[in-house]
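If you check Swiss-Prot, you get these features:
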type	residues	note
ACT_SITE	HIS98	active site, proton acceptor
BINDING	HIS266	heme b binding site
SIGNAL	1-22	signal peptide
SITE	ARG94	site 'Transition state stabilizer'
Amino acid sequence: MDKTQSSQGKCPVMHGANSAVASNNMDWWPKALNLDILHQHDKKTDPMDPKFNYREAFNSLDLAAVKRDLNALMTDSQDWWPADWGHYGGLMIRMAWHSAGTYRVADGRGGAGTGNQRFAPLNSWPDNANLDKARRLLWPIKKKYGNKLSWADLMILAGNVAYESMGLKTYGFAGGREDIWHPEKDIYWGSEKQWLAPTENPNSRYSGERDLENPLAAVMMGLIYVNPEGVDGKPDPLRTAQDVRVTFARMAMNDEETVALTAGGHTVGKCHGNGKAQDLGPEPEGEDLEAQGLGWLNKKGPGIGANAVTSGLEGAWTTYPTQWDNGYFHLLLNYDWELKKSPAGASQWEPINIKEEDKVVSVGDPNRKFNPIMTDADMAMKMDPEYRKISEKFYQDPAYFSEVFARAWFKLTHRDLGPKSRYLGPEVPNEDLLWQDPIPSVDYRLDASEIVDLKAKLLASGLSVSELVATAWDSARTFRGSDFRGGANGARIRLAPQKDWQANEPERLQKVLKVLTELQASLSKKVSIADLIVLGGAAAIEKAAHEAGVKVTVPFIPGRGDATQEMTDVESFAVLEPLHDAYRNWQKKDYVVQPEEMMLDRTQLMGLTAHEMTVLVGGMRVLGTNYGGTRHGVFTDKVGVLTNDFFVNLTDMAYNWKPAGSNLYQIVERKTGAVKWTASRVDLVFGSNSILRAYAEMYAQDDAKEKFVHDFVAAWTKVMNADRFDLA
């Protein structure tokens, strides 16, 4: 057999670029530090032109025209996926709900802000079954309005319009959600290896009695909220009520909002389980090429309309599922309910001895009627004492229920959009809401000479370089790019709860704030404390750079306001408390997760890259900003001077590194054995990890002294301005 014949039938593709075939570095070294979460969503994956500005594009959109098209869509039933009772409202609401419902308050990740429902794993979660059809129904509208309307905004707007088309007066709508172009790499959805894995399975998200792992909110892998059939699929409304309360609290919802959202979400639409789940094909990511991104296709028939299977439960919650009314509470509270099985075998609750007029007209045959149904979570609204009180109040006052729901729906769908300054469009409500973290606008300007004069006053105030830099950093480091909360704007570092956080060193903080407040009072011109905090850091860095022989001006744009305690929800802000800060070489206690992993997580939330992280850590060390003044990682004899000494000494082979305790190392001179410095894991990782070492070596070079300073200033400014949405 010749060479040509022997090669027939073999794959002609070199597999070096095929991630499905080749093992990657994390396969070989699973404990290695994975920096990928810092390198996602860059311009290489973004097809938009470099000058494209979504805010400008959205502001040119005729929102009223879009809403007219969406209203028309609601009742334009398509043969390939017919609308229940001729109305797509329930489907569109579920799509919007599940887009927003992945948000969790602990780390601000998830939510509706990026259009991530289009990508794996969310597009293939069991709880998102058949939402691929909802997005395909929306495609003609997305196609028509193009780049002026992101998928992320369209999905939420479609849910809003669906409610309006069925009679609810919504609270408002804001645009401004920009689409991503590939799945997020930073979101931890759980460690389970199978969908809907029960609690007792390995890698469970529960421990103890029923303690849900942080930062997760959903009870199972592949669910948005709770299991509709009960805890681990076993009906028990009171146990389910406990899950509901935890899950919704982790989405920043209280009991009243929880009941309103549960009832309002189930006032319209239906569950689908009129068939066999085993007849469904794979989810979208597991389907064949010809399915073109659709999943859950019925292999034994059309499986659409009255015969569709989604959750497995079958039926509507209310008598009139295409109109907004108070029917949910009428049925829930006025009937006794018993457990039944759906045609697909799912556990659901159905009323006993229901009146004919309260039954639901069949989707497929207007001459037939069926019982309404309730999930285990719905029954929790009746069985749990606190939920029951709220349900009865809503039942007795339908107008109040509608108002509470409209506000809770707005909160659900806008929670991760950030402060009101990021909201776009003509339907933005005028009211400032506490959960939006309001900040008063400023009414002053500072020219260049006034800024120079303020810097001089700050440097002459008696505060050290490290005190000024550390305070500015502490004020800004709370920013989360996940839900756009936190940051230096507002100067909430001087308010509860931040002023008392251990991470902020309250005693040192009060000393600095006292000096800044006295300086503010002495000025002839109005300047916010928020601006003074940031400007103090800038002045200190310029001084430290000058002493290192580098002249640099740290960019500063005034305009930050000072929030009041009344504008600050203490409980809501508690989730922003730092429990670790690699940049100041501190963690509250030892954790299961390694310090360097926590550093990556915080860095990603702040929107920084790996090289920005590197240069900031190196600069913060030599500026002497360590928590409590510790010397770990301070590889310099010139503390307070912005040199590249951290990197020079980290990469110097004259030293050896030895463990000296938990998260503690000694840097020893090879020749003498003398201990030169001490360090933590987050110091040494910049010499250990091959990628971070490459950055460290670059900054240690003899020609990098000025570059180091300028890169540090650029990264610093990025952190200080992360929440300046007025500058976008």
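Each position is counted from 1, following the chain as shown.
Keep in mind that glycine also has a Cβ here, set from the backbone N, Cα and C atoms.
Taking Cβ-Cβ distances under 8 Å and a sequence separation of 6 or more, the neighbours of ARG94 (site 'Transition state stabilizer') in its chain are LEU131, ALA134, GLY265, GLY269. Taking the Cβ of HIS98 (active site, proton acceptor) as centre and 10 Å as the limit, one finds 22 other Cβ atoms among all the protein chains shown. Other Cβ atoms within 10 Å of the Cβ of the residue listed as 'heme b binding site', summed over all protein chains shown, number 25. Cα to Cα, HIS98 (active site, proton acceptor) and HIS266 (heme b binding site) are separated by 13 Å.
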